[in-house]
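The structure appears below as structure tokens.
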């Protein structure tokens, strides 16, 4: 049984919702799944001022524990076409793991949230991949065997690089059924590959 960590940061809850769907998909594939988030770096008064969702249930992860899993599926909101600062800060603390080669051969995957269709969802995921490659991880996306990726009946997130959702300019749009289906498919796909690699 593969051990899968779904590790995310979410300001307003969009990535949190996607993370739960990813975890559902991984569990459906028979994986032992852990859902955690990275620490908040935003000052508390700022978080309150922007109405950030601070009541998230997932426990906070530590960089050292990444080595305990066969696969890690990362979730991040987009910040100017890149991962958010909270996730970057967390990953910048994984130098010790890199020095030991602790993540070499583990499966890595990424999902994201953007404000709009053209808000940088693909660049966020592909630029995130650079860190995973430096750790020697096996990067996995979402195959086109999932029909939701080619859905042209609505405005929707979703890429072969990883699941995405569109939050809307004011954050009011929630992940759609189509986007959540892609997230579940990503979790299932990653868990299946991790199980095969784990033997």
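A Cβ is built for glycine as well, from the same backbone N, Cα and C atoms used for every other residue.
As written in Swiss-Prot, here are the features:
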BINDING   10-15, 78-80, 113-119, 134  FMN binding site
BINDING   12  NAD(+) binding site
BINDING   98  substrate binding site
DOMAIN    4-190  domain 'Flavodoxin-like'
Task: C-alpha spacing of the residue listed as 'NAD(+) binding site' relative to residue 113 (FMN binding site), in angstrom - done: 11
Task: Entry from the binding-site residues list 12, 98 having the most other CB atoms no farther than 10 A - done: 12
Open item on the list: For a quick check of packing: other C-beta atoms within 10 Å of the C-beta of residue 78 (FMN binding site), how many?
Closed with: 24
TODO: Just jot down the residues in the same chain as residue 13 (FMN binding site), at least 6 apart in sequence, with C-beta under 8 A of its C-beta; none if empty.
DONE: 53, 56
- [ ] Mind checking which of 10, 113, 116 has the fewest other CB atoms within 10 A of its CB? They're the binding-site residues.
- [x] 116
- [ ] State the three-class DSSP label for the residue listed as 'substrate binding site', counting H, G and I as helix, E and B as strand, and everything else as coil.
- [x] helix
Task: Integer mean pLDDT for the domain 'Flavodoxin-like' (4-190) - done: 97
- [ ] Let me know the DSSP-derived helix, strand or coil state of residue 78 (FMN binding site), please.
- [x] strand
Task: Residue pair residue 98 (substrate binding site), residue 78 (FMN binding site) - Cα distance, angstrom, rounded - done: 25
